[in-house]
Amino acid sequence: MAAPLTLLLIVAVTIRAALYRSSLADLISERVEVVSPLTAWKRVVEGLALLDLGVSPYSGDVFHETPLIIYFFHFLVDYAEITFMLADVITAVALYMTVKDYNKQVFRKQKYALEADRYPLDCLELIRSPKEMYYIPLKVAMFYLLNPFTILSCVAKSTCGLNNAVIALFILSTIKGNVLLSAVFLSLATYQSIYPLTLCAAALLYLMQRQYIPVNYRRASFWWFIAQYAFMYLGSLFVIVCLSFFLLGSWDYLPSVYGFILSVPDLTPNIGLFWYFFAEMFEHFRLFFLCVFQINVFFYTIPLSIKLKEHPVFLIFMQLAVISIFKSYPTVGDIALYLAFLPVWSHLHRFLRNIFLVSCVLLACSALFPVLWHLWIYAGSANSNFYYAITLLFNVAQILLVSDYFYAFLRREHHLTYGLYLKRKDGSEATLVLK
């Protein structure tokens with residue numbers, strides 16, 4: 001498998017290098033679907049210019065990335081293109097290793113269940129074979145590296161690519177069972193954009209499952225493990241925050257980075273749900289609806305964690321999708337990360353209901369984004385309502401996609417427990433309804 005992966009990496013890097021040298025690079029770096037006020041490379045360059053002049057990059061309203069990012073590029077600004085390509089390669093390799101390890105665990109559990117006769121006889125066709133699972137890690141890496149969203153994000157030099165690399169390393173550390181590295185990378189991801197905090201529940205569930213610690217509130221081992229993970233996570237976050245303070249010499253970055261993410265003062269159009277709604281909002285209602293919108297990202301963590309406590313890897317996929325849909329400044333790079341996991345759930349295709357329609361809507365919306373932007377900003381024959389309408393449809397399609405996979409996953413698990421062909425008491429065929 002090493003040779004196909006190496007070939008894939010070479011092809012992906014070649015495509016990015018060619019686009020960097022083309023005239024499209026400047027055009028892509030200006031697209032509001034690809035960069036946001038948080039992740040735009042232009043703003044990083046302006047922050048670096050202020051830093052070189054001895055002025056705090058957070059003194060104005062231009063730079064909103066974290067101090068570690070600006071000091072990181074302070075030394076690597078001349079190698080920015082290589083850095084972003086390397087970030088994509090690291091993400092793809094981390095996802096490849098993650099899925100490879102996860103598939104081994106799935107096959108092992110499946111083998112034990114078959115030996116113990118836990119599956120009904122009529123659902124053996126749902127059992128996954130090693131042959132169909134063999135190429136899934138390579139498909140995941142391919143889905144990430146050759147996804148147009150990932151390529152556009154890399155060519156635009158959006159710092160979203162670096163965030164994706166950190167999250168991918170966190171997922172890899174969690175799947176490998178390394179508690180310390182999992183906590184460290186999660187704290188780094190949280191430091192970058194707050195929202196990955198919701199992945200903490202999935203990491204805890206997986207690591208406890210791996211160490212055979214039951215999810216039982218009455219067991220001391222359950223609370224002890226949570227306390228250990230929380231200590232490592234909060235300790236790592238404290239060290240990173242203090243390091244940022246020592247580098248910058250002030251706490252100016254806190255309101256400029258995290259206050260900016262949570263209060264959403266910049267209403268530049270993007271593919272998210274916030275900008276249009278708050279542009280039309282009366283000021284005295286703003287705080288209430290801001291809380292409602294921001295709670296969305298965190299609220300779904302509890303019910304999803306309860307429902308998927310036995311399946312934390314699928315929970316990670318769901319949480320990544322929720323973050324990319326409901327965060328305040330999303331870009332196509334955020335979407336590319338959770339789309340890369342779709343090959344992992346290829347065995348759910350027989351239970352998906354709306355996959356063709358949703359796929360067509362996502363493709364159509366992706367094509368219409370630049371068209372409606374041109375009609376609004378340049379031609380003047382449309383307005384913001386047109387652009388927000390396509391944004392809304394794009395996000396609804398994402399919600400339908402994730403909901404469809406959630407339904408398909410639960411249905412397959414139900415069939416593995418109760419059988420594929422359900423019967424009523426009178427012997428007639430039953431219909432499965434999930435409520």
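Easy rule for this one: first residue shown is 1, then count along the chain.
Glycine too: its Cβ is placed from the backbone N, Cα and C atoms.
Annotated signal peptide per TrEMBL: 1-25, in sequence order. The transmembrane segment annotation in TrEMBL covers 68-99, 143-172, 184-208, 229-251, 257-278, 285-302, 314-342, 354-379, 385-407.
Spatially, the transmembrane segment (314-342) is adjacent to the transmembrane segment (285-302); three or more Cβ-Cβ distances between them are under 8 Å for residues at least 6 apart in sequence. The transmembrane segment (257-278) and the transmembrane segment (229-251) are not in contact, since fewer than 3 Cβ pairs between them lie under 8 Å (pairs 6 or more apart in sequence). Counted over residue pairs 6 or more apart, the CB atoms of the transmembrane segment (68-99) and the transmembrane segment (385-407) come under 8 Å in fewer than three pairs, which marks the two as apart.
In this chain, the transmembrane segment (184-208) lies close to the transmembrane segment (285-302): three or more C-beta pairs between them fall below 8 angstroms, excluding pairs fewer than 6 positions apart. For the transmembrane segment (385-407), same-chain residues at least 6 beyond its ends with a Cβ under 8 Å from one of its own Cβ atoms are 269-273, 275-276, 317-318, 321-322, 324-325, 335, 342, 345, 348, 351-355, 358, 361-362, 365-366, 368-369, 372-373, 375-376, 434.
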